[in-house]
Amino acid sequence: MYKVNEVFETIQGEASYTGMPSIFVRLQGCPVGCAWCDTKQTWDVNDTYLVSLETTVEKKADSELWANASAEDIFALFQARGYQAKHVVITGGEPCMFDLNPLCTLLHANGYSTQIETSGTFEILAPAETWVTVSPKINMRGGYKVLTSAMQRADEIKHPVAMQKHVDELEQLFADSGVTPKLVYLQPISQKAKATKLAIDTCKAKNWRLSVQVHKYLGIN
Ligand SMILES: C[S@@+](CC[C@H](N)C(=O)[O-])C[C@H]1O[C@@H](n2cnc3c(N)ncnc32)[C@H](O)[C@@H]1O
Ligand SMILES: Nc1nc2[nH]cc(C(=O)O)c2c(=O)[nH]1
Ligand code: SF4
Ligand SMILES: [Mg+2]
């Protein structure tokens with residue numbers, strides 16, 4: 001069973017798939033502890049907040065409510081809701097705390113493409129066709145380390161930045177892991193002007209790409 005915080009249909013707002021109509025499945029639970037995390041409501045799994053899957057879909061605001069659901073339950077929900085998007089983004093929380101093979105395999109068999117948003121701190125259990133976005137978490141409170149296997153599996157790296165230290169840590173990770181990723185995105189933390197300038201200047205200098213969380217500028221999910 002997967003622990004589901006929310007399911008919604010929107011436009012992917014980050015990195016290579018920006019602009020792609022997508023169904024988001026946000027899973028509950030994350031021990032990594034990024035100070036600037038924009039989804040802190042997904043960190044804890046509290047049995048007091050266990051609800052039905054329907055309830056999580058009808059959320060009007062971020063909350064810690066979550067539901068147990070199988071891959072089949074989640075797919076049935078897409079059909080019941082009449083979602084039209086054919087790309088599914090599995091995020092969290094930290095989705096790689098779950099075995100994502102059953103969900104991705106079922107979705108691929110039904111004509112969907114899949115993408116995972118992960119911190120790279122847990123083994124990635126998903127089919128080869130799944131697009132993997134690793135947003136490596138370096139020196140966060142929870143003390144988790146980015147796995148070299150995650151760096152090797154990544155189709156793209158997306159790194160939130162607010163200060164030069166974050167850029168330096170990323171380059172150190174590339175050196176330590178021996179992985180030189182093909183696609184590197186810098187994402188300004190929380191749309192701050194200083195973070196955005198740093199990201200643009202660094203992208204120009206290193207031939208990396210900018211990812212600006214388009215959904216936040218648009219005021220949509
Ligand atoms: C909320 S995380 C969930 C998936 C997974 N735990 C991870 O960190 O990749 C989804 C994406 O949002 C990014 N993110 C979280 N808070 C952010 C913020 N305040 N500003 C910019 N990006 C942020 C993360 O780095 C990650 O790329
Ligand atoms: N529109 C939209 N795009 C996103 N890309 C990654 C997101 C995430 O929270 O993982 C996200 C999100 O929450 N909304
Ligand atoms: S790893 Fe992802 S969900 Fe977990 S705290 Fe960091 S940004 Fe938030
Ligand atoms: Mg988000």
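Our numbering is plain: 1 for the first residue shown, then up by one each step along the chain.
Heads up, the Cβ atoms here are built off N, Cα and C, so glycines get one too.
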Site co-member for substrate according to TrEMBL, given Ile11, Gln12, Gly13, Arg26, out of Thr56, Thr91, Thr105, Thr114: Thr91
Of Gly82, Gly93, Gly178, residue recorded by TrEMBL at the S-adenosyl-L-methionine site of Trp36, Cys37, Asp38, Ser135, Pro136, Lys137: Gly93
For the binding-site residues Cys30, Cys34, Cys37, the one whose C-beta sees the most other C-beta atoms within 10 angstroms: Cys30
Rounded distance in angstrom between the Cα atoms of Thr39 (Mg(2+) binding site) and Gly93 (S-adenosyl-L-methionine binding site): 7
Cβ neighbours of Thr91 (substrate binding site) where a neighbour is any other Cβ within 10 Å: 21
